[in-house]
Amino acid sequence: MAEIKYKRVLLKLSGEALSGEKGFGFDPETAKAVAEELKEVHDLGAELAIVCGGGNVWRGVTGEKAGMERAQADYMGMLATIQNGLFIQSALENIGVDTRVMTAIEMKAVAEPYIRRRAERHLEKGRVVIFAGGTGSPYFSTDTTSALRAAEINADVILMAKNGVDGVYNADPKLVADAIKFEHLTHMDVITKGLQVMDSTASTMSMDNHIPLVVFNMNEAGNITRVVRGEEIGTTVE
């Protein structure tokens, strides 16, 4: 078995990562490709937890702009993340990876309720654990969910898998041709410079709990495995 740098990993997977080129909804072929990448990580012996976003289905801020109460819109977003959790669970189990979906909002007919010690036990048994439903409270993003769950399960790292962006830049590299990429940053750098890595609540929580992040392009095959093995790709935030 290959040597790995990070034993217990929390992967933040955006909803858009499951929608393919459409950018909205669900794409089975994309989910299959993502699942195969995750199986590689699992087969290395890493304990893998996943936090799903919901942006391919719904964003709370979208509803707020349309005149919805923010809390109500956020609850819709939480339900979107549960759909994504079930979708990636199916893709993983189709290729033989045992998984559990755990939700912050109880819906026992669909998934297990989130219980921290039970989640840790699943990881110890080699199951991939998918955290869905956000934190269960409105006004908190899935970035914050990632930082919270990583702290709760004592994850060694948060992997921020990005679509088509290979790290953290001082400007949007898709819009600014000479944007500068950072190889290493501190959490305080991210906060003070206003870099778009994760929201400020998530950044502060990661800093306070000494959880490193690696921001990388998930569209390049094998990158998740490379990060877990300790290869220097993307941007590391510590």
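Counting begins at 1 with the first residue displayed.
A Cβ is built for glycine as well, from the same backbone N, Cα and C atoms used for every other residue.
The ATP binding site feature in Swiss-Prot is assigned to Lys12, Leu13, Ser14, Gly15, Gly55, Arg59, Asn163, Tyr169, Asp172. All protein chains considered, the CB of Gly55 (ATP binding site) has 22 other CB atoms within 10 Å.
Proximity of distant same-chain residues to the region 'Involved in allosteric activation by GTP' (20-25), defined by a Cβ-Cβ separation under 8 Å and at least 6 residues beyond the stretch ends, is recorded for 56-57. Residues or ranges marked as region 'Involved in allosteric activation by GTP' by Swiss-Prot on the basis of sequence analysis: 20-25.
The feature UMP binding site is assigned by Swiss-Prot to Gly54, Asp74, Thr135, Gly136, Ser137, Pro138, Tyr139, Phe140, Ser141, Thr142. In the three-state DSSP scheme, Ser141 (UMP binding site) is classed as coil.
Comparing Cα positions, Tyr139 (UMP binding site) lies closest to Gly55 out of the binding-site residues Ser14, Gly55, Asn163, Asp172. Thr135 (UMP binding site) has Gly55 as its nearest neighbour among the binding-site residues Gly55, Asn163, Asp172, going by CA to CA distance. Around Lys12 (ATP binding site), the C-beta neighbours below 8 angstroms that are at least 6 residues distant in the chain are Val51, Gly53, Thr142, Asp143, Ser146, Ile158, Leu159, Met160, Ala161, Met198. When the Cα of Ser14 (ATP binding site) is compared against those of the binding-site residues Gly54, Ser137, Ser141, the shortest separation belongs to Gly54.
In this entry, ATP is bound by Lys12, Leu13, Ser14, Gly15, Gly55, Arg59, Asn163, Tyr169, Asp172, whose most widely separated C-alpha atoms sit 24 angstrom apart. Checked against Ser137 (UMP binding site), the binding-site residues Gly55, Asn163, Asp172 differ in C-alpha distance, with Gly55 being the nearest.
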